[in-house]
Each structure stands twice: as C-alpha cells, then as structure tokens.
Amino acid sequence: MNTRVIKHGYQVAESLYNLVENEVLPDSGIKADHFWQSMANIFDEFMPKNKALLEKREEFQAQIDAWHLANSAPQHVNPTDKASQLEHSKVLDHQRKYQTFLTDIGYIVAEQEDFSITTTQVDEEVAVVAGPQLVVPLMNARFALNAANARWGSLYDALYGTDVISDDDNAAAGKGYNPIRGAKVTAYARKFLDSVIPLTSGSHSDVTGYQVLASQLVITLKSGQQVSLKQPEKFVAYNGDGQKPSAILCKNNGLHIEIKIDPSSPVAKADAASVADIILESALTAIQDCEDSIAAVDAEDKTSVYRNWLGLMKGDLTEQLEKNGVTITRKLNPDRTYSTVDNQTLTLPGRSLLFIRNVGHLMTNDAVLTADNQQVPEGILDGLITTLISLHDLKRNSQFVNSRQGSIYIVKPKMHGPAEVAFSNALFTRIESCLGLATNTIKLGIMDEERRTSVNLKECIRATKDRIAFINTGFLDRTGDEIHTSMQAGPMARKELMKNEPWIDAYEKRNVRIGLQAGLKGKAQIGKGMWATPDEMAAMVETKIAHPKSGANCAWVPSPTAATLHVLHYHQVNVSDIQDEMLKQFATKQVDDGLTDLLTIPLLKNKQQLTAADIQHELDNNVQGLLGYVVRWIDQGTGCSKVPDIDNVGRMEDRATLRISSQHICNWLLHDMLSQEQVMGSLYRMAAVVDSQNQADPTYRPMSADFDTNIAFQAAVDLILKGKEQPSGYTEPLLHQRRVELKAELI
Ligand SMILES: CC(=O)SCCNC(=O)CCNC(=O)[C@H](O)C(C)(C)COP(=O)(O)OP(=O)(O)OC[C@H]1O[C@@H](n2cnc3c(N)ncnc32)[C@H](O)[C@@H]1OP(=O)(O)O
Ligand SMILES: O=CC(=O)O
Ligand SMILES: [Mg+2]
C-alpha cells in the first residue's frame, strides 16, 4: 500500500509527492502550497467534464452498434459491373442513410466558416523546416536520451548497419569492418551529396580535398580541377583550419549536412578527401512518449516517467550503459558550433526539439486519489505535471535550451471529436493560469487517430486554433478505431488489406487538405504516421518519400537510424513548395471533401473467396503479434517491442497495433469467421512459438508452462474475448489491470 500525503482533499502518492516537492518545485518559481491547491482546483473542475466526455463516447458507440444491427449492409459489389447496378444503388443508399444517421445523432458536426490558426511562438523545427519526427518511450532513459540526441546522425552508420546497402558481392556486414561494404556506403553517400549539393562540374566521389580559401568553399577533384558548389549559398560554415578543415557544413531545404574530415579515422584512410563521415541533421523533433509505447500503470511508474522528463528539461538526465563491453554514461549532447566565413560563430541545436505525448482522456492512475479513493484521470495529471516540469526549460534552468521560442509542446492522443479537443484546450488554459504562464504557451498536437476526430477535423482544429502546433495521422490507432466503431457492421477486410480500402486514402488526404486550409503552413506540423517495420530500412527509403510528397512536413520514425535515413527524403522534396502548390489547387479547383470515402467501412467483400487456410493464417499472424507484445508488456513492463510476425518480419508493436490485432480477431469472432475454439487453439499454439522466440532471455517466463495461471496469457485471452466491451476497443484497461496484478504478485 502506497503511503499518501493529503493535499487539499486529494491523496498524493508519496513517490510523486516527493518528486514534486524535492525535485520539481525548487527553482520552478511555483510555491508548493499554490501548486497543490491548483492541482485540487483543476481536478475538481475537470474531472466531471472528463467523465461526461467518456460517457458520450459510449453513448455514440451504443447508437452506432444498434444502427448496424438494424440496418445490415448490402453486399458490396463492383460498381462497373452492369449486372450488379441495382445492388450498387442499394450500397449507395445504405451509405447515405448511414451518413444521415451519424449527422442526426451529432457524431458528424456541421462545419463552420473557414478560419486560420493563430498559433505564435512556434520553433522553426515545427513551423518552418520539414523533417523526420522520432518517437521514443520516455520510461526508458537510455532510449529517451538517445532520441534527444538524434538531432544529428551518421549517414555512414545508418547505411552500413541496415539493408539500404545490400549484402551482394561480398558486402555483408561481418564481425569486423568490411571495406567492400564501406565502399558501397561511401558511394551511396556521395551520390546523395551530388543530388543535393551538386558541384559546378564533376562528382563528390572524385573529390580529393574540401578547403575554405578566401571565404569560398574550394573543392579539388582527382583531375586537379578546382570546382565549387553549383549553389554556393548552400555552403554555410566549417570547422578547423580553412586549408585543412575538419568539417564542412552545408544546408539544403533548411537541413544541415556536415562533411566530416578526419584523416586519422580508419574509414577516411580509404578516402581520397579523408572524409570520415557525413553527419545529417536528422530528427528535428522527437516525441517523448508517456502513452502507447510505455507501460506505466501506477504511481511508482508515473513518477519514474515524470523524473525522466524532468531530467530532460533540467538537462541533467544521465544513464550508464554497456556498449561493446565498455560502460559509458549517456547524457544530452551539447549544441554544435561552426565558424562562418566571416569568422562568426554559428551555433546549431545539438538536440531534437522535444515534444511530450501525454495520455488521452480515458485512463486513471493511483498517483493521486480523490478523498473517496477514486483514481484521478491520468491525462489531467499528465497535463499538469509535465507542464510544471517544463517550466525548467522556460526558466532556462538547464544548460540546454529545448524551445528557443519559450513554448511547451504537448501531443494529445486519442481525442474523439471537437468537444474533447476543446476540453484539452480549456485544461491547458487553466494549467497555464495556475502556473503563471501566458495563455497558449502550451502548444497542442492533435493526433488525428480516432474516427470522430477525422470526420470532424476542421472543427477539432478550430477548437484549439490559437495553440495548435501539429496534426498527425496516427493510422494505427485509427485502424483500431475503424474496426471497433463498426464492430457490428460485419467482418472487416484482412488486416493488411484494410490499408487498401477507400477510407484510409480519404483520411490521409483530408488531413493534409484540412490542415493546409486551416493555415497550418508556416505555423504548425502536418504529420504522417509511423514506419512500423524497424529493420526494413531499404523499403522505408524506397517508399516513405510519399509522406513529404503528400504535403506533410514531418513523419514518424521508430529509431534514430530511421531518422537519418528518412531525412534523405526531405532533402529531395521541398515540402513548402508542395504545400504552396496544393493550396493553389484548393483555391482554384472544387475539391471533394472525401467524407463519403472516409465513412466507407472497410468490410470484407469476398468472404467466400477466403479459404480456411487464409483465415487461419490471418488469425495466427494476429495472435502471434499480440502474444509477443503482451507477454513483454505484462511481465517486463516493456511498452514497445519489436515482435516477429508470422513471416518473421520484425514489427514495431505498441498499444495501437495491439488494438488492431485484438479488435480484428474479436470482430471475426463476432461474425463467425472464427470459432472460439479456433481462437483458443491459435493462442495455445502461438504461445509456444512466442516462448521459443524468447528463450534466450533469462528473465522470460514461458506462457506455455501453465496457461491457466500465466497472467500475460490471460491478458491476451481477455483482450480478444472481452474486446467488444472495451471502451473504443482500447487495450490499456486490461493491460493495466493485469500488470498491476503481476506487480502485486512479485512483491
Ligand atoms: C502507434 C504509435 O503510437 S507509434 C509510437 C510509439 N512507438 C515508438 O515510440 C517506437 C520506439 N521504438 C522502439 O522502441 C524501438 O526502436 C523498437 C522496439 C521498435 C525496435 O527496437 P530494436 O530494433 O529491437 O532496438 P534495440 O532495442 O535493439 O535498440 C537499438 C538501439 O537503437 C536505439 N533506439 C531504438 N529505438 C529508439 C528510439 N525510438 N529512440 C531512441 N533510440 C532508439 C536504442 O537506444 C539502441 O541504442 P543503444 O544501444 O545505443 O542505446
Ligand atoms: O499514435 C500513432 C498511431 O498510429 O496510433
Ligand atoms: Mg496512437
């Protein structure tokens, strides 16, 4: 039992109380009693509103379920097939009725007049420069520090260590350094330089020396010819002696590229220009996640997460770790300095601009209890404590600066519709006033990841138009919500094929269009979702260029390496130009609002064409990912894992991907695509597979040792069999309950 301190009627867990009193409040400018009084006032005011919003979600869900039960969907048909024209008109009629129903119940709200957001004091990494956005579990200090430092990354390492460079022709990465692979890396990197900072003639592969002479970048080629950059303004600074510089700094599309020169480096020895690396400005922004990538279930966990955020805001977070047999202490990187040709010092941020993702409105936590022992809403607590901690950045208590504009960036996930956004906006206004901050100091990021938000995105943005700094298509949660909302409509398409259905294209396009039309360009980010196969970097380099091309000025990556590779896309694509072009088109052409496609439920169309083997494969794949993730979540408190799927591809799994797989199985079970025996059979078989995948981990507890008592296995079963009743199909209530149970067992 936690010891608690009573503060203005609320019972604060001692761990959180001590953190706030002893580590957060000193130097924050906020007096302890004022803080606790404010906390109590905020809970008093916002808890009932939070509760009412959650009840509204349930009310809508019940109405939608009832509608589907009363209005079964006609068979989907090929609209170009003459014989099925009649059926097709029935489909359209059904769709119209459905949309009218959603409007009548208030699920779809009327769009009001056009407007432009008015957010100010937004850092240029958010407002102006387009680039990758890294997400990281904040509960893991090692990763959290690494993410903050991922502003700059080695292109050579990113290429050498991933499948972007193929293993062909004896180029596999072995134990030691493979010079054949190294040569492929340097060739790739030079080709990149040729495309973004081309020479007046010749290629970066033929350079024997980069020098800064008489304030000019002078590049000598193998032939002896001296050339310069085609666009000389792209050279911005250097380090070292101009005759023998140690770094040449260039800039393209607002992103920096450092050519690192170091004749003593083993890599540079094989290089005529002694280039040791190409360092790229990579994760411009990083989201420190308190939500779906972590497992924080009680006061103790929340306190450790808040402590990491405090360390980042005070600049003193450190972590000791073993790397290649050596113990190192990881800490925040300093800013980077260079000399300009007119001998001025150019200082560039050494760290990603940090956002923090709070949790949504659903969960509660025992870090604070009401007088009658009810847990308080975790989202309200997150808003208050993470803002309080961020005061240390605004007050410049750290040797490092996060926001040079003096803003706090909070990403708010899983909000359903404008009223929920308005609630967050009001909460932040209240927090600002309690903490003596100017209104709109807190910038809000809306995750467009619930159906009611996508459908009403324009009004959601309006509800926070003075502080919005980001919209992002969280397509993973959004897919989960797509299934849950329409649970009763029929069986869904296969998981992978849901992506090919009209709703998702409409969702992605509408998000960019509505964002641009609301004036986000130059003021806020329009973001795209996560690359969820962290080892498939070649495929990412091949395809994720679609994100900047679609007009998005940032997109999520799972790791620093992925950030260094994804930034290549922002060098190739000028997002600002694309956004201008899109805005021109929106102003001159009639654009379809995409709502009908957005509301076209991705139901399985050709049920009869699925063989028993297809169905089993779909089930087993979902179950394997689900179990592989859940067992680490429950037993080890790991909120984000790489889990092999049935084809042995490592997939990033977090609570959002778990929401998809659990809801998908639940949906197929409900519509008799599967039997409960079949699901249980798959769970037993796949548990053994997951156990064997984890056998090298000495701390791992096999599920198959005793299915009946294994808490992780029981959690997995519940997630499927009780999936229909879970609020919005979320996985966190069951995960939290089972992890708390396991923690109690371990005491
Ligand atoms: C739907 C959504 O909400 S998506 C948002 C939530 N998802 C995320 O936040 C993704 C976070 N990413 C991760 O946790 C990991 O990259 C995984 C689990 C996906 C893959 O992990 P693995 O490939 O097994 O990486 P592994 O654990 O071996 O770590 C490799 C190195 O990469 C680093 N690393 C990996 N991911 C990250 C990250 N997101 N941020 C910072 N560093 C990272 C680690 O620190 C480690 O380096 P180190 O040894 O120097 O500390
Ligand atoms: O949070 C991101 C998502 O895809 O869900
Ligand atoms: Mg999400």
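Placed from the backbone N, Cα and C atoms, the Cβ positions cover glycine too.
TrEMBL does not curate its annotations; it predicts them automatically.
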Among Glu322, Glu449, Glu450, Glu508 - the residue TrEMBL places in the same glyoxylate site as Arg357, Gly474, Phe475, Leu476, Asp477: Glu449
TrEMBL acetyl-CoA site partner of Val135, Arg142, Phe143, Ser293, Pro558, selected from Arg151, Arg307, Arg330: Arg330
Of Val135, Arg330, Arg357, Glu449, Phe475, recorded positions neighbouring ligand 1, Cβ under 6 A: Val135
Local Cβ density at Gly474 (glyoxylate binding site) - other Cβ atoms counted within 10 Å: 26
Cα distance (Å, whole number) from Arg357 (active site, proton acceptor) to Glu449 (glyoxylate binding site): 14
Spatially closest candidate among Arg142, Phe143, Ser293, the listed binding-site residues, to Asp477 (glyoxylate binding site) (Cα to Cα): Ser293
Binding-site residues whose CB lies under 6 angstroms from ligand 2, from Val135, Phe143, Ser293, Pro558: none
Distance [Cα-Cα, Å, rounded] between Phe475 (glyoxylate binding site) and Arg142 (acetyl-CoA binding site): 27
For glyoxylate: widest Cα to Cα gap among Arg357, Glu449, Gly474, Phe475, Leu476, Asp477 in Å: 16
Largest tally of Cβ atoms lying within 10 Å of a Cβ, found at which of the recorded positions Arg330, Arg357: Arg357
